[in-house]
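These come from Swiss-Prot:
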BINDING   CYS36, CYS37, CYS102, CYS132  [4Fe-4S] cluster binding site
Amino acid sequence: MIENVMKEGFITTSYDSVVNWAKTGSLWPMTFGLACCAVEMIHSAAARYDLARFGAEVFRASPRQADLMIVAGTLCNKMAPALRKVYDQMSEPRWVLSMGSCANGGGYYHYSYSVVRGCDRIVPVDVYVPGCPPTAEALIYGILQLQQKIRRSHTIARA
């Protein structure tokens, strides 16, 4: 983040770097737990893994207070409109993390008539976390990958 440190004690950097640094340290996740992956998602916020170390302090219950949606579990056709509605209510900038084989592509229930074959057909997904169910470590790694993606993004449009 810091490109230049001068002798007088000044630090020079770009506006994008400062804003993206602040975004990575203040993710506000919202739980969208649909199946067994939700247990691992909640497990990651407990004392053993302490998701708060990575800037995701408290899981939000309201989409208007969240900027990260973690879709964990099997998404059925009846739940798909609700997922889209909740996503549309989230504040900008917003990110989606798809957790588990069922959320990524239907998983074990891929050929069922009532299962959406991946939540990326309903909302844009930024990070995919594989596994059935993925461990809490895998979810934390996915959040770290999302933070890397945020650091590479541009806040100010390039001319």
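Cβ atoms are placed via backbone N, Cα and C, with glycine included.
There are 27 other Cβ atoms within 10 Å of the Cβ belonging to CYS37 ([4Fe-4S] cluster binding site). Classification of CYS36 ([4Fe-4S] cluster binding site) by DSSP places it in coil, neither helical nor stranded. Looking only at the binding-site residues CYS36, CYS102, the densest Cβ neighbourhood within 10 Å occurs at CYS102. What surrounds the [4Fe-4S] cluster site, by Cβ distance within 8 Å of the Cβ centroid and not counting CYS36, CYS37, CYS102, CYS132, is the set ALA35, ALA72, GLY73, THR74, MET99, GLY100, SER101, ALA103, GLY107, GLY131, PRO133, PRO134 from the same chain.
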